[in-house]
Amino acid sequence: MIVQVINGPNLGRLGRREPDVYGDTTHDQLAALIEAEAAALGLKAIVRQSDSEAELLDWIHGAADANQPVILNAGGLTHTSVALRDACAELSAPLIEVHISNVHAREEFRRHSYLSPVATGVIVGLGVQGYLLALRYLAGRPA
């Protein structure tokens, strides 16, 4: 099974941007962790990051067309993008929303997600391990 792992705005700055909040793992290191865990679980992870909402939408549409599960950390677009929510609603395979930090323990505006109502599940506040937990969940589901 192919799993699309999609990271949104500012996640390319992991390891440099607010390491006290997001940790010191870089996006390249995160991608390597995800790819290794996926392989160990018999999955193939395609890990991508973009600061462009349009590109994220294209990737979500592609996953919907291919009936592929998505692990999505939309960054700040989580709290603002109806367009991203609508694209995610089109997915028939599972959508796991992941956030590295505990968004519920931060600023008020971060506590609302347009994505959660259309997600299969949500993992928040467990650092980069949240991605690996999402993969383990998907590996346990029938293809």
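Residue positions begin at 1 at the first shown residue.
Here the Cβ of each residue, glycine as well, is placed from N, Cα and C on the backbone.
Keep in mind the model is a prediction, meaning the values are calculated, not measured.
Residues or ranges marked as site 'Transition state stabilizer' in Swiss-Prot: ARG17. Look at Swiss-Prot and you will find TYR22 tagged as active site, proton acceptor. Annotation comment: Swiss-Prot describes ASN73, HIS79, ASP86, ILE100, SER101, ARG110 as substrate binding site, evidence class sequence analysis. Look at Swiss-Prot and you will find HIS99 tagged as active site, proton donor, backed by sequence analysis.
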Protein Cβ atoms within 10 Å of ASN73 (substrate binding site), excluding its own: 26
Recorded positions listed as ARG17, HIS79, ILE100, SER101, least Cβ neighbours within 10 Å: ARG17
Other C-beta atoms that fall within 10 angstroms of the C-beta of HIS99 (active site, proton donor): 23
Cβ packing number for ASP86 (substrate binding site), 10 Å threshold: 13
The residue listed as 'active site, proton acceptor' CB neighbourhood, other CB atoms within 10 A: 19
